[in-house]
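Trainee: Pasting a structure here, questions to come.
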Amino acid sequence: MASHPAHRSSKAADEELPKASSTFHPSLWGSFFLTYQPPTAPQRANMKERAEVLRERVRKVLKGSTTDQLPETVNLILTLQRLGLGYYYENEIDKLLHQIYSNSDYNVKDLNLVSQRFYLLRKNGYDVPSDVFLSFKTEEGGFACAAADTRSLLSLYNAAYLRKHGEEVLDEAISSTRLRLQDLLGRLLPESPFAKEVSSSLRTPLFRRVGILEARNYIPIYETEATRNEAVLELAKLNFNLQQLDFCEELKHCSAWWNEMIAKSKLTFVRDRIVEEYFWMNGACYDPPYSLSRIILTKITGLITIIDDMFDTHGTTEDCMKFAEAFGRWDESAIHLLPEYMKDFYILMLETFQSFEDALGPEKSYRVLYLKQAMERLVELYSKEIKWRDDDYVPTMSEHLQVSAETIATIALTCSAYAGMGDMSIRKETFEWALSFPQFIRTFGSFVRLSNDVVSTKREQTKDHSPSTVHCYMKEHGTTMDDACEKIKELIEDSWKDMLEQSLALKGLPKVVPQLVFDFSRTTDNMYRDRDALTSSEALKEMIQLLFVEPIPE
């Protein structure tokens, strides 16, 4: 939930509600995705048939890989994961990862191999030590890497971002290699594939990139590599284009749901961002089996946007408290508690949750109960933030994050994603773990909250808003806004280290659980890096076109 404007009377709110808000620009997409027409059934069937043939051909290559050819095997796994194909080969990759982890007999003087091995293992949950890089340090504090060995330099830079607290060798690797890569970039042809790789890494390290966007951007680069595998390349193109068809159908469904929601509820003041919300949530659950997760996530995000804008911008304290009371009842009879403008929305919200139960079927519909609990907690904490607003109370940073790390909807979103997964390893214990708000999800929540606040505070300070974490830090430590923002950027960076440490320590949970949280972190970083792209969504237009509009030429 964003920061709040000052408390308004019911009369003022009633005067505003029929009007569309001038605060938010209209949708950039209109009815574009509502008019989507899929390819004919034979066309799609042919694409799927060819993709299946290629998948098995690539599987044979993967099964033939051994740790005796470690550089080739590590590079193949990294390539498949970057191209968005790793999902199809989880068993084969897991087996190879275990062998790579267990086999310490490799060339520890090959900086590129050491970096790629470290990156691959840590990214996939193996807590390998970082002291393998100590032997590459020079007396001057840099890292021994020949000027011509630019690939090793880039691999080291990307590997170092999988760092934990106290790993000075990785901190030094980042600062040292960043300078060398920046210098190198100035000497490369701007349009060369390697220049694009370096530029992308300096902007966003490989570990922090949104997986589906990385696949879309990397496929054309992989196509230029002399060592490319033609079957892998063709499969990557086909797989992305097939996924794009699924994404467009899901977007059409979600857009129709949203338009009906707004038309029937008459809540014209809310942000019209259903395409951007789908793009955001897609970044967390882009693998083929997670269609229902993407749909549930997008609808939940849409509902949260409406509730947030009611609490944030248009609702009086009295109206919001009535909504909070009705919300926890989950029954149409509660509409008598609500003001007129909230009643239709409340009914439509109940219908949406019922549609989730119907889609999940009798074996998994219990998951919606946990999702409802998460949403109840969210609305309850929104009410606490309203009290802070009305009392003009400025909490400490710590106190603020105790609440706001949850009101950024971390529990609701993780439960939404888990709810839609067909994976039977997602059980009641998974939801109970998430609802307990464990430290791993709390850290993720702090990361999202701080990322949001650091880009939205300057915009919101022009209005009568209650304090964000930036303002809390300014008051608590007596700093300027610029200094507070710099400190919060440091805390955001620390959150990545915290999440990595905490994920490596997790036991007894399905592998997809921490993977999802990291994918949420990546897609959130993409939304809030340097700007609030949900509110000002022009920044996302090119990326949305790449993912949902433009197929890759085959």
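Cβ coordinates are placed from backbone N, Cα and C, and glycine is handled just like the others.
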Trainee: Have a look at 108-112, 273-277, 308-312, 453-457 and point to the one annotated motif 'DDXXD motif' in Swiss-Prot.
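Mentor: In Swiss-Prot, the motif 'DDXXD motif' feature sits at 308-312.
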Trainee: Which whole number is the mean pLDDT over the motif 'DDXXD motif' (308-312)?
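Mentor: Overall, the motif 'DDXXD motif' (308-312) comes to a mean pLDDT of 88.
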Trainee: Sorry to bug you, but what's the C-alpha spacing from SER456 (Mg(2+) 3 binding site) to ASP312 (substrate binding site), rounded to the closest Å?
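Mentor: Approximately 14 Å lies between the Cα of ASP312 (substrate binding site) and that of SER456 (Mg(2+) 3 binding site).
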Trainee: Helix, strand, coil: count each for the residues of the motif 'DDXXD motif' (308-312), based on DSSP.
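Mentor: DSSP composition of the motif 'DDXXD motif' (308-312): 5 helix, 0 strand, 0 coil.
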Trainee: If you measure every Cα to Cα distance among ASP308, ASP312, ARG449, ASN452, the residues said to bind substrate, what is the biggest one in Å?
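Mentor: Farthest-apart Cα atoms in ASP308, ASP312, ARG449, ASN452 are separated by 16 Å.
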Trainee: 10 Å Cβ neighbour count around ASP312 (substrate binding site)?
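Mentor: Total other Cβ atoms inside 10 Å, all chains included: 22.
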